[in-house]
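Working notes, beginning with the structure itself.
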Amino acid sequence: MLILEVAVPRPLHERLDYLPPADGTLDNVVGRRIRVPLGKSKTVGVALGVKEGSNIPSQRLRQAEEWVDNEPLLDAELVKTLTWASQYYRYPIGEVLSSALPGVLRRGGKVQRGEVWWRLDEQLLGDATAVRRAPRQAELRERLLAAGGAARYADLVTECAAWQRAGRELERRGLLHRERRRTSNMHEQPPASSAPPTLLDAQLQAVEQINAARGFQVFLLDGVTGSGKTEVYIRAAEQAINNGRQVLFLMPEIGLAPQLLRRVKERLGDSVAVLHSDLPDVERAQAWLAARDADVAVVLGTRSAVFAPLPRAGLIIVDEEHDPALTQQDGFRYSARDLAVLRARYLGVPIVLGSATPSLESLNNVASGRYRQLALPQRTGSAKSPSIQVIDIRSRPLKGGLSAPLQQALGRHLEAGQQVMLFLNRRGYAPVLTCHACGWIAECQRCDARLTVHRRAGNMRCHHCGASRPLPSVCPGCGAGDLLPLGPGTERLEEALAELFPQYNLLRIDRDTTRRRGELEARLAAAHRGDAQLLIGTQMLAKGHHLPGLTLVAVVDVDQGLFGTDFRATERLAQLVVQVAGRAGRGDNPGEVLLQTRHPEHPLLQTLLESGYGAFAAEHLNERRAAGLPPFASLALLRAEAVDANAPYVFLEAAADWGASLTRRQQYGVELLGPVPAPMERREGRYRAQLMLRSESRYMLQAFLGDWAIKLAGLNGARKVRWSLDVDPVDTV
């Protein structure tokens, strides 16, 4: 008797056996969605195979109800990739397969083919009266007029998410019409609409080597900021598309999507599918299906776009490959960069990993011969690398976090008509509120963390659990009225700069100012237009943005990252400093970078300033080797949390005992370290602890996990905690 093997979206590591559906069709089943009974409900699973017989008695087997698809939705390569990911990251296969699909397809839905376009009504083509009091609607009208009266919905939402609401309102008023048009075919592309720039020798050599690759090969494009990495990507993509192939282009942040989409479409045409979290579910599904049907030449997106089907794959590109945002850190935890490399191997195509600050893992892969390094050592055009100086702020008075030398430099650049950017990876007004009389400090009642002052909102917030309390007027401890906010946040910085330089426009870009849909895109667009001379931002402003008028970048508090508890803290700080510094001087005027610190003699700063990121990376690779840390070892982290402070330890100690018994039976070469409290032991009212697994052999760690992880759910205390297993964790705190 033939049995159907189905993976269902539940926390089950095994496939479930079902009798075939009534029509009995069992041809070409792998990757097809199928509706099946599960418990008292029904669900949509993915068929993974057919076998002869089952260990379950036939009378107990349930029958699958019906096929959702007439042919596989997931092709053989994607099923192979996702099966590997399930095994490597020790996550249930059904949930892994489900996470690769847009929501509407995950639920068994059908999607109309073709792209949604918005077209202006004739009334709005020549008269803006109807939108003069609605700025977003007016913006959308101007954008559509610039496109000839109509444009793709997905492109508009990627450019500015706020236009989604504006467009719906115009639709309601009959001033905008939704149309479905045939997807632009990848073989019908118009010629490039903008002339390509002349390549530097290093760029030309990089493009030639990528284009000469036959089959799978990993290239690390190691280029200083402003060296023209994007142009190399586009030239290599152009070659693949001219050969009738598809290109997958991954980026870490949604904020980078609008400018990258514009450049790609200018040079490669309109055959682009966009995949990111701001797109409505149906539009994501349409883009995913367009990629699957090879109707588009380029698939451009953030982390989850790594699961886009590529039936005619020719090239994969991962920009800012070092960025932790490429790693999913909850639920199904995976590295999009590493899975992209795996897919390139399975598809037999080259992959380009690009960065000005490559991860130590990628640099080690270059040293071992697994990757080929392509260097871009100089900036393009007339742009020169910025000068970098340290400002020692010990014993210096600070105004809102700004020293006198920094204030003077800001004034000098602003008076010259240039743009300046201040980077501080701490939002809010101040990270601490204390009482000068008794020493009381405002702390979160649910986390081991202090509350951050948000003066404009009149409250204090925990940036870990979201708890909020009104700002007190007197000390809750002693009743004194002498409450002091300590340390600067971006809000305090904004206040100080507005007081120091009231004649200049100021723009703050952080999570607090970009909560509303579309606000991030709008503020980034304003920064690119030069609407503001003073830019203040957190990490979201540091990555990949080309601001040619920006000549001064200041890191207000570089010490934030010098003493982190995670072993990657110094690597992240070095990458951040170099990336932030790289925003300065990308146009015709020279750039200047200032770093405020109380530790000017710190070895990390000295190495970066004197020898650059390459020397820092080489030094830290030696330190990692000596310490037995990645990339010279493999890690897995078992986390547990519970309301009861003791419960995580009961479970983790049982897990450690089970692991120890396994290692006594067989020499896996795996160390079990812990359990220990998490660096933040209490978060969101739950106590947290963790158990680290370390091995010098990735193969042996995987062999151990295969025997160990399968039993975790049945261990003593497992039902009393929330637990998760993170393989290759990018964050151990």
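Start at 1 and count along the chain as shown; that gives each residue its number.
Each Cβ is built from the backbone N, Cα and C atoms, and glycine gets one as well.
According to TrEMBL, the protein has these features:
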REGION    174-197  region 'Disordered'
DOMAIN    210-376  domain 'Helicase ATP-binding'
BINDING   Cys435, Cys438, Cys475, Cys478  Zn(2+) 1 binding site
BINDING   Cys444, Cys447, Cys462, Cys465  Zn(2+) 2 binding site
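The local packing around Cys444 (Zn(2+) 2 binding site), expressed as other Cβ atoms within 10 Å of its Cβ over all shown chains, amounts to 24. Rounded to a whole number, the C-alpha distance linking Cys478 (Zn(2+) 1 binding site) with Cys462 (Zn(2+) 2 binding site) is 23 angstrom. You'll find the Cα of Cys447 (Zn(2+) 2 binding site) roughly 20 Å from the Cα of Cys435 (Zn(2+) 1 binding site).
Within the same chain, the residues at least 6 positions away from Cys462 (Zn(2+) 2 binding site) whose Cβ sits under 8 Å from its Cβ are Cys444, Arg446, Cys447, Ala449, Leu451, Thr452, Ser468, listed in sequence order. According to its DSSP assignment, Cys435 (Zn(2+) 1 binding site) is in a strand. Annotation for the binding-site residues Cys435, Cys465: lowest Cβ count within 10 Å of the residue's own Cβ, Cys465.
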